[in-house]
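Shown next, in structure tokens, is the structure this report addresses.
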Amino acid sequence: MGNLKSVGQEPGPPCGLGLGLGLGLCGKQGPASPAPEPSRAPAPATPHAPDHSPAPNSPTLTRPPEGPKFPRVKNWELGSITYDTLCAQSQQDGPCTPRCCLGSLVLPRKLQTRPSPGPPPAEQLLSQARDFINQYYSSIKRSGSQAHEERLQEVEAEVASTGTYHLRESELVFGAKQAWRNAPRCVGRIQWGKLQVFDARDCSSAQEMFTYICNHIKYATNRGNLRSAITVFPQRAPGRGDFRIWNSQLVRYAGYRQQDGSVRGDPANVEITELCIQHGWTPGNGRFDVLPLLLQAPDEAPELFVLPPELVLEVPLEHPTLEWFAALGLRWYALPAVSNMLLEIGGLEFSAAPFSGWYMSTEIGTRNLCDPHRYNILEDVAVCMDLDTRTTSSLWKDKAAVEINLAVLHSFQLAKVTIVDHHAATVSFMKHLDNEQKARGGCPADWAWIVPPISGSLTPVFHQEMVNYILSPAFRYQPDPWKGSATKGAGITRKKTFKEVANAVKISASLMGTLMAKRVKATILYASETGRAQSYAQQLGRLFRKAFDPRVLCMDEYDVVSLEHEALVLVVTSTFGNGDPPENGESFAAALMEMSGPYNSSPRPEQHKSYKIRFNSVSCSDPLVSSWRRKRKESSNTDSAGALGTLRFCVFGLGSRAYPHFCAFARAVDTRLEELGGERLLQLGQGDELCGQEEAFRGWAKAAFQASCETFCVGEEAKAAAQDIFSPKRSWKRQRYRLSTQAEGLQLLPGLIHVHRRKMFQATVLSVENLQSSKSTRATILVRLDTAGQEGLQYQPGDHIGICPPNRPGLVEALLSRVEDPPPPTESVAVEQLEKGSPGGPPPSWVRDPRLPPCTLRQALTFFLDITSPPSPRLLRLLSTLAEEPSEQQELETLSQDPRRYEEWKWFRCPTLLEVLEQFPSVALPAPLLLTQLPLLQPRYYSVSSAPNAHPGEVHLTVAVLAYRTQDGLGPLHYGVCSTWLSQLKTGDPVPCFIRGAPSFRLPPDPYVPCILVGPGTGIAPFRGFWQERLHDIESKGLQPAPMTLVFGCRCSQLDHLYRDEVQDAQERGVFGRVLTAFSREPDSPKTYVQDILRTELAAEVHRVLCLERGHMFVCGDVTMATSVLQTVQRILATEGDMELDEAGDVIGVLRDQQRYHEDIFGLTLRTQEVTSRIRTQSFSLQERHLRGAVPWAFDPPGPDTPGP
């Protein structure tokens, strides 16, 4: 973060964060520019930057045309010239006068902010508030929005009624970062975006101040890996005293005045040392005694608090070659934390806002140790070095100073404590100047403070002219609190130890209600299609509540601009279809991809497009990702932070390895957050639904909690308690749930909207037709629905339709017979949960669970709850606590704890909840358990099989009716929930549904572009809409589009050749040029699949269409087929295009980028031996490899024989 220091007691060039504030346009102390008057420059939006000239003595400068006057700024080393246009935004005069330059004064009186006797004038405050609010909304690109206008009105109303206003937390974070960014004396501002802001505005006492400060020191010190941070206490309020920290820094060494007038310790701290003694501190007698803190709450006497020794990290100083140096007994503390400056944001003044960074080595080695009015060790070291101190021409001071600085750097690096040398710091400042010139048109800078105290002209900043001015927000000086008449309460108080304060907080009921507010805030985001990611996110929220203040949000409820102000974000997300985000994560994904990062601030448009379209291509092996990841590894605390510089994050992805793009969206989010400057606390977690997903999530969640606690230095006592957070005894207790009778009955469509949190519409059945032969043992149906022209059911060919089916009535009735305490059959009920009370807070109360609408138990099991999917390990653990038979309890416990045993049981039996209860008959089944613990019944998605132009007001579906037996064909018969229901519908029956767009699976807008369509079985569904659309183009628009090629596959030509007559008709009318069919079970013919047709009959055409004619290829079907087709196309391109297989893979990647290779992939269609054994074997081998050493949830990069992400 650069160096932050207490300026009031250490004048001169800064250390620490270097946040001195010498101001005034004439405060520059460098070489004088030959231009006596300011030049004219363009408007602030486009600052003029002439070409850099290599000849510093004669730079070429083209004077811009007429425009406002701005300072011309020259770099005398490079000869380059820029214009500072940002200074036009300064609203405050500097300390200088027309006749007198005061730029070299350390504390010009004009720059000190003194408490005013009354509140500031309302119009003055409003002017500053408007300016700041405008800055904030401009920064988030919402300037002029409705939210912006409403916020301005809100501030104006608050000022009118109270004389002041309050910042939102995001505004406070933005303001604190901007104040650092605007600090003219700080040399380390390149890291301004990484400032961690702790909001302590709820603080009400000196004791609470001390707790916050201890947390700040612990977080910022971070065992030597220092992190920049600021803690902001309540703002100055009219008619009330201030919160103040009397010490100039949180950590300082005492200075003891001796009888002979000398000082033992640090002479800069004599006054505060004597004040501490007056307030009860028992002093030591060492040269490096850490001072206690004097903290003052409004209108109260200051209180004294002793910092615990383990909180203060110190570094003993030694020299890499001078062995005697260690014997000098020198040391210095690691954390520079300025605590006596005032933070001003939008006219609001925060009189206590300690901030910290890390040291620049010269501040310790030159200023603190060598200054004559400080430790003054220069001559002692020179004598030990045998230097001639009798004459200045021996340069003994310079030689000794260099060795002392070398010792400081060596010692800090040896102790692994963050520090930066003055050369690296000044080079980074030049980068910052360049960044700011491009971003804002200038940068306020005080040359006298930016140039380090040694090696002046050896650093690049010495040769750089700078312009000094005041911007808001800002850090400002303020008078010492013990000086003047403003101090109240001069009484002496007894010192309080850290342990006393901690115990006081622990036992004080009045403080318990505010403890949560003091915790670090965590945001948990989820995106889910089935609800499982949401369930995991809620479990994560319960875990993090042990030590953090978490909130759980769906991605579509979250404003992505808030990421810039977050401290900790955890993401739990699934991946939909072909590597896409779930629907409720699409807006988040789009906004995340639009943000710019520190290593790709100006990405080419095609890179943005690639990132937005191909989430599945964001992997560790991508060249773009590898490039910026390498830059990030090479970066340091002297490099620019990204937009998310203060963000720490963890990501967990849910998916199925049956899909080729396993957890692709989670990988994209994880990669993108790091690219934008966020810090990954934990490796990406992944859970495979085919094998051990819940176990993987539990392991990842505990590891994420542990890493977060360590990062934010919280929750030591919570780590042990978190070990059993996933225990069923903790997650569900019978006595905490009850049913309450509700007056209102269920209306199905509003109920589905409530449950699924999305718009739903009702269509009605026109017809249901079996497309297979009557001789076939299987069924594929064409379902025609009437949409009644509803706008919400408008679609384009290639889109999906979501159907909300009910469970089979027989299954529901059988399950109801097992419920131990069912409510009356016709009574609408709701679940209520007992919320715990808190000491000093509200008492325990019953709160309605909002997951389900009021309905009967039968309605809940029919329309809203999933009773056919195998119960999760978590639900089995819960059922084990309700089993009365010990053997059944043990078996359920074993199934829930042994991932392999569970997966074998699940895949062999694929049991419904009813079958589980039949296997374990002693399990009691309370009604509240069903209503709160069963997963939601999810919509089923189908490709739309029609074109709206061909069938206005209708939507068609092509559905394979699913029926199979479990247990190797010997178990009970299972039916597809939705397909079986659809097959039984009659004309006029209602169907709740909605449209989900598939913009990446659409016909090209140019009808003359050639297309190849590949879809076996029900994979032909979206292509029916395609050929209907093309027929409409031919017959209604008179177009002659390029004939398409269709590759279809089925078992037998006489049984399941879907839409054969329609396809033949479309071919005759010019839609298709070629139609080829692969039969896998045709009598007296070899098995043939669609990929065989591509390889043997269409190889040349595939290459020509994709590589020469810029055509498109569409593939629709299950994951195994899509993967085989992809591999076949890759081999065809390699063979026909005379290239290596890897090169052909790159070509396919480009085709995907250009949206010319399209896939519409669905999961395992039937539980065939071939598919399940292959996928599960792979999953188990991965799991067993993890058990041999790797964590079971960690990201596995693709190997040479495995599909990519």
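Cβ atoms here come from the backbone N, Cα and C positions, even for glycine.
Worth saying up front: this structure is predicted, and the values here are computed from it rather than measured.
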Candidate set Cys15, Cys96, annotation S-palmitoyl cysteine, source Swiss-Prot, matching residue: Cys15
Which of Arg738, Arg808, Arg818, Arg1051 belongs with Arg778, Thr1018, Ser1080, Arg1081, Lys1087, Tyr1089, Gln1091 in the NADP(+) site listed by Swiss-Prot: Arg1051
Candidate ranges 492-512, 513-533, 996-1016 [criterion: Swiss-Prot lists as region 'Calmodulin-binding']: 492-512
Cα distance (Å, whole number) from Cys186 (heme b binding site) to Ser656 (FMN binding site): 51
Greatest C-beta neighbour count within 10 angstroms, which of the binding-site residues Cys186, Ala448: Cys186
Beyond the flanks of the region 'Disordered' (820-847) by 6 or more, those residues with Cβ under 8 Å of it: 509-510, 512-513, 735-746, 854-858, 924-928, 931-932
By Cα-Cα distance, the member of binding-site residues Ala448, Trp449, Phe462, Ser528, Thr530 nearest Tyr477 (heme b binding site): Trp449
Nearest-integer angstrom distance between the alpha carbons (Cα) of Glu689 (FMN binding site) and Cys186 (heme b binding site): 52
Length of the line joining the Cα atoms of Cys186 (heme b binding site) and Trp449 ((6R)-L-erythro-5,6,7,8-tetrahydrobiopterin binding site), in Å: 8
Cβ packing number for Thr530 (FMN binding site), 10 Å threshold: 19
Candidate nearest Thr530 (FMN binding site) in space, where candidates are the binding-site residues Ser104, Trp449, Phe462 and distance is Cα-Cα: Trp449
Binding-site residues (Ser528, Ser656), the one with most neighbouring Cβ atoms at 10 Å: Ser528
Residue from Ala448, Trp449, Phe462 whose C-alpha is spatially nearest that of Ser528 (FMN binding site), among the binding-site residues: Trp449
